[in-house]
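Residues annotated as domain 'Transcription factor CBF/NF-Y/archaeal histone' in TrEMBL: A:9-73. Marked as region 'Disordered' by TrEMBL: A:93-148. The compositional bias 'Basic and acidic residues' annotation in TrEMBL covers A:93-120. Per TrEMBL, the feature compositional bias 'Acidic residues' maps to A:121-141.
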Amino acid sequence: MAERPEDLNLPNAVITRIIKEALPDGVNISKEARSAISRAASVFVLYATSCANNFAMKGKRKTLNAGDVLSAMEEMEFQRFVAPLKESLEVYRREQKGKKEARKDKDKKADSEEQDKSREEENDDDDERMEEEEQNEEEEVSSGRWWS
Amino acid sequence: MAAAAGAVTAAAAAAAATAAEPAAAVGPGEEAGAGSLCPGPLRLARLPLARVKALVKADPDVSLASQEAVYILARAAELFVETIAKDAYVYAQQGKRKTLQRKDLDNAIEAIDEFAFLEGTLD
């Protein structure tokens, strides 16, 4: 395999579409220019990754997070990207949350039949636990620990 | 290829499908090719996350990257493409051309500080 990182290209069709949408109607782009921009985008990602990784390491983290990427943008003098990226992140998070809940509901539905059987037993356990907790709370309050 | 080896996320599949059929609208928040109708930040990434992830993994110093990080990198790369295309186009306009050429890109890279990191990398 031994590919150079810069050779990992992003799909031409998508790159072309982004370029066309950024430029006025009727403007064309030569093949060489398109492929150079595609390559530049790959280099951008590599550079941004390296930069973001420095922030992660500074924070003693092994996992690159979105904040690190945003910090990298500022470091690379692409501050103007930060605001739109933050908005995109919000949209992305909402979407992920929606997907997660959809999956949870799906799982709930699938498991509900099995759970019905064991649900009675679970309820009994819960009731016992709740009673214990209430007793503990009363003790703490009376000893005045909350206000010490 | 790295892309084939990587896990394909749902977003990547959606993006790939969109790339194949520009006329068809895929997924929430994505509009068919008419990106100009919807403000930039509200679009989900069109670049396939699997490919971006492959680039991130190419860095030997990186251990792990969160899904969000990969997504934001993809969006940032899109913004970058838009930016550099527009900046290069200025030079095409100066040359009274309606076709963006490689030399326009080279001019933009030389003239604009933020693109300095690209010098020597595109050949």
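Keep in mind that glycine also has a Cβ here, set from the backbone N, Cα and C atoms.
Heads up, TrEMBL stuff is auto-annotated, nobody curated it.
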Across the domain 'Transcription factor CBF/NF-Y/archaeal histone' (A:9-73), what does the pLDDT come to on average, as a whole number?
96
Residues of the domain 'Transcription factor CBF/NF-Y/archaeal histone' (A:9-73) by DSSP state, where helix covers H, G and I:
47 helix, 4 strand, 14 coil
